[in-house]
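**Q** Residues or ranges marked as transmembrane segment in TrEMBL: 6-26, 56-80, 86-108. Under the heading domain 'ABC3 transporter permease C-terminal', TrEMBL lists 6-117.
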Amino acid sequence: MLLAGVAGISLLVGGIGVMNIMLVSVSERIREIGLRKALGAPPALIRRQFLAEACLLSLAGGVLGLGTGYLGAVLLPSVIDQPVAISLPASFGALGVALVVGVVAGVYPASRAARLAPIDALRSD
């Protein structure tokens, strides 16, 4: 129960982190988004681009987390004198959860980028 609570809070914090990074990315690239929209890029394409970036960001975090976990599982038996089991299905499940959290956290920034008016985006500085 305690482990599930820690995992839930970690996922929430990770999702908020991804959302904040994506919001900063949108705000730094307003002119690029405005230019793309002025040249005819549909909102769905811009939304898809930012969702893909959020997926890549969360996937990279998930892979780094799995790598850290595997390293801990290799080193821990020498400290506690007990074997540590590594579950491949659980690892893929954790990677899938990280990806889902990234997509959910990226929806708002992607929608915000897609809703930008081209003239306002090009005018801002």
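From the backbone N, Cα and C atoms, a Cβ is placed for every residue, glycine too.
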**Q** Six or more residues out from either end of the transmembrane segment (86-108), which same-chain residues have a Cβ under 8 Å from its Cβ atoms?
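**A** Contacts with the transmembrane segment (86-108): 11, 14-16, 18-19, 22-23, 50-51, 53-55, 57-59, 61-63, 65-66, 69-70, 73.
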**Q** For the domain 'ABC3 transporter permease C-terminal' (6-117), DSSP counts of helix, strand and coil?
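**A** Its residues divide into 98 helix, 0 strand, 14 coil.
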